[in-house]
Every structure is written in structure tokens, then in C-alpha cells.
């Protein structure tokens, strides 16, 4: 592969245009790594621009992007996409502002408006295209040549020993030819407290002949951190060195050369390196592998892979050269730990099998999830440097690695896919606070990457533009609606909004139950409460602190001690409580004798709402919690084989999945 250069000389890459694609040339060697800086210009004042300009050479290159030659077809498609995006936004906004009522009751106490119809239409279309994609998956009889070389890269940071062992054992048992598969685990940290992870790696792969381990006292970018701290040079100066070939230490760097030698020559490798964050860990694996493999598979250290996970991913990439990356179905490993983890398991199924399946139908999956994804290595190497060097509002990005990696692939015109035939099981936060911190981090990356992704809408199906616009504005419309109702409406209006939210949630849950063939999905209707009370205020906090970076969720061996995520929740709850108190005081002053119909609606509406929740909570407690207590879901590892003890709540090994396939050593949740 070519070494990355920041040369300003235009270099058109045929590879970047996509084989057999009608896409226009999109990259230039040196301008290909266009980052979110273009988007951040919207947020920077003229007074602050000089700070932005001094960040690094990438900024200068990015600002030259608008000067590049554009073909007529490219310009036309850009214009069409922009017009379409503005039209979608304008229609949704107009429907919301006008408040046109399609139908209402004789007393105008209940109604169904145009905005609600748009949301229903969106859900129906999303569900319909997801169904079509799943049907296509069932019909496709993709074959695997078993000739492509794959590197399974595992990112580890202070991992729980139980989860890590399961991850390593599942990697060892992966059903793919050993001579075509590498296993590379990079540990973020090289202290005594991190040694247990390398020891476990050696234990699990003790029977392998080609095993290599190394404790690296540095990482690829240690020089960067040290230079910035010592103020010996700006990123602009450092990047100038890059063009002379000295970006990653000198050629005499024994540690770097040893790491690259091990990863290229050994089948199973574990590297401990200086702490630098998850993106640094992923970068080490990608950089050291270089062009030694065809595909790179990403995996987290808390993930248990299905035996056929890698094979199914490879099948998809082999089926079409235009597919640049593919993700699989991520299930929850610890779903019986708490209500939060249980709800996450349901939400994950919806996110992957409905939302991403729909995106896959149009070849534009927005995020290849970190626990299970496969990339074409030759393409990944092309944008490896700009992916790592991504900055936002002057801050180097350390989270949202997977979403930005996916966006980089989309930016060069390649398709991203999803297959439910490839599965894994991953840990999710069971504590409410840790879950909030995780959601905050994900929301930050969503909005940041939304801005970056908007630059490339024109290269893909209009569905990507439409869905991005709707998903981007939805939280703000919900917020305005709730606050407005709580402060300007009456008690019945508040109750009607709550009823509508719950009715929509229940309808979506019932559809999921039918689609999945499992009534367990009916509890997905609970998620609306989590969204309204926790996720919605968290989104605003994430936006306000978007340039605050860290590893993300803490290592699973540590207890979360960051309570800052509770601040936006407190503000949100006090806002709603204030509105509710104000509304109650207004309604108490009304003459209810003249409002008999509203009184009737309020009484029976409240009764229906309360009875619904009483029934659902009892159902959850009797059905779910009892089963979880009596027969907890465990994943035990013995004799190098993963044995799963599944509870009656879930479809067990040997039963048919929604594809009618039997997959060994798996449970279908």
C-alpha cells in the first residue's frame, strides 16, 4: 500500500470510485481525508477562526476541497440532494408548525394530525424495507471461497476477565480456515494491572504454534502527545514531518518494527501498548497489518462471536465488489443483569434488524458496530490516517471510531451492508448511570458524524438523505412538543401526549413481536419511558459537551464514578415538574361543571394509562424477572469450548431463526 502523504498534488484514485460504479471521482491524495472541519465552520465565529486555522495541515487541505474540479454529474447530483434534503426538512417543519388535523373527535379533545401521519409513514416505510432486506437475506444463497485472508482485531481495555475469556475462546473457535485467519488483540495499557489480559491470551491460544506477544512501551502516536505537551511544535509542523516519512518514529524504532513484524508474521498476536484510547488501539492493529490481509474484522473484548460470524461477513463482501464494509447482528450477553440490560437487548434487536436492515436495503448502513464488522483492507488503508487524525472544534476525536470508520467508507462511494446471519453477543451497561454515560458518548458521535455524513449524501441513495434529516430533527420536535404541552395545555393534553407516545411504542413493539416471532418484544413499549426520561435530555448535554473526549465507558473492572450525566436529567425533570405544577394550578381554577366531556376523557384516559402500566409491570415481573432469578443466563467456558445455558425465555440452540437456519453454539434472542 502507498504511504499516506499530505501532498497537494491531485491524485485521482480509481479504487475510490468503486468498481463498476457510476459514482464520480471523489478523492484526491491529500484531500481525500476531508474531516468534520468543513462542518465545524458553521459553529466557529470569525474571531475564533484563527485558532481553527492553526490546528494542522488537514485544515488547510479541507478548505481547498471546494476548489476541486467537479464533474457536471457530480454538481447536478449535489444540487438534487440538497434540494431534496431542504424539501424533506421543510415539509416536516411545516407539518409540525401548521398543526393540520386530519381527523379529530366531535369535541376536538383527541386528534390525528399531519405531523403524526408523517411519523407513522416513516415507521411503516422503515419496517417495510427492513422486511424486504430480510427476505432477500433468506433467499440469497451466498457462498464463501475461503480464499480471502482475514485479520480479527480485538480492542481491549481493563476488561472483565470472564467476558475477555469468552471473547478469546470464541475467536479461537471461529469457523474459518486457520491459515487464512489472524487473531490480533491490542491492549490499551502496558502496566502491571493490564498483564492479566495478555496472560489470558497466552492461555487460550497455548495450543497454537504461531503466537507472539510484546509489551510496547510506546504507541504509534506517543510522540504526538509528548510534543503537544512540551509545546515543541504545532500539528502543522508535525504533519510536515509526515511528508518526509517520519510520522511514526524513526526507522530505527525497535518497538514499532517488532510490533509490525509480529502482526505480519504470526497468526495469533497480543500487543500491550502505552495508553492512548480505543482509536489508538484500533489504529495500531490496522497500521501494523498494512496490506498483509484482504479483510479486517473488528471486535471488542467483551464480545462473544458466533462460530459462523466471520464466514457470513466474508460471504457478503465477496458477493459484490461495491460492498466496502458489512456489519452483523449484535445481541446482548448480560441481558438478565438488570432492567436496563434487558431493555438494551430489545433495543439492539430493533436497531439492527429493523433500522440497519432498512439502511442495508439501500446499501448505506450508517454505522458498522464495533463488536462485529468487516472492512475491505485495501480501502481502509487509504483513509486510515485521516480517520485517526479526525478533529472536531479543535479537539482530536477519540470516540465514535466505528461510526466515523463507516462514514469514511461511505464517503468514497462504497456501499455498507448488514447481515443478520452473522451474530455476536456483547456486554451492555447494567447500571443506569453507566448506561447514561454510554448513551451520551454515542449521541456525541451521532451528531458529529451527522455533519460529516451530510457531505456525502449525494453519493448514495436518497433514502440516506431522508432518514438522516428525519433522525436529526426528531429529538428537537419532541422536546418542543413536550415542553409546549406541559406549559400551555391542560391536564388532558398532557395525558393525550403520553397516551399517543405509548400507543406508538406499543404498535412498534407488536410489529417487532410479529416480525421476530417472539412475544418478548412487546416489552419494547417500555423503551418510550427510557427515551423520554433519560435519553432525550442526554442528547442536549451531549451536544453541549461534544468536544469533550475520553475512552468512553469505563473499563468493566471499575465502578462508574462520573455523575455528571445526571445533571441534564435533573434539569429536564424539574422543567417538566414545573410545567405540570403550573398546569394543575390552572386546571384547578377551571369550572369543571362546564367541562364534563373533558372531565370524562381525563378520568377514563388516566384509568386506561394506569391499568396499562400496572399490567405491563406485573407481566414483566412475573414473566421476565422470575425466569431471570430462577435460571440466569450464563456463558460458561470449559475445555476451550463455549457452552451456553439458555433460559426458557429465549429460543434455544437447535431452533430455527428468522432465516430458518440452524447455527451451532448459538442462542436466538
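Backbone N, Cα and C atoms are what each Cβ position is placed from, and that goes for glycine too.
TrEMBL assigns the feature transmembrane segment to residues 493-512, out of the candidate ranges 493-512, 633-652. Check TrEMBL against the ranges 563-580, 581-598 and you find transmembrane segment recorded for 563-580. The stretches the transmembrane segment (469-487) and the transmembrane segment (601-623) do not meet in space: the count of Cβ pairs below 8 angstroms, excluding pairs fewer than 6 apart in sequence, stays at fewer than three. Where the transmembrane segment (79-98) meets the stretches 110-132, 493-512, 519-543, the count of C-beta pairs under 8 angstroms peaks at 110-132.
With a threshold of 8 Å between CB atoms, the same-chain residues lying at least 6 positions outside the transmembrane segment (601-623) that come near it are 107, 109-110, 491-492, 495-496, 498-499, 502, 523, 525-526, 649. Through the fold, the transmembrane segment (519-543) approaches residues 342-343, 346-347, 349-350, 432, 436, 439-441, 443-444, 447, 475, 478-479, 482, 501-502, 504-506, 508-510, 512-513, 565, 567-569, 571-573, 616, 619-620, 624, 649-650 of its own chain, all at least 6 residues removed from its boundaries and within a Cβ separation under 8 Å.
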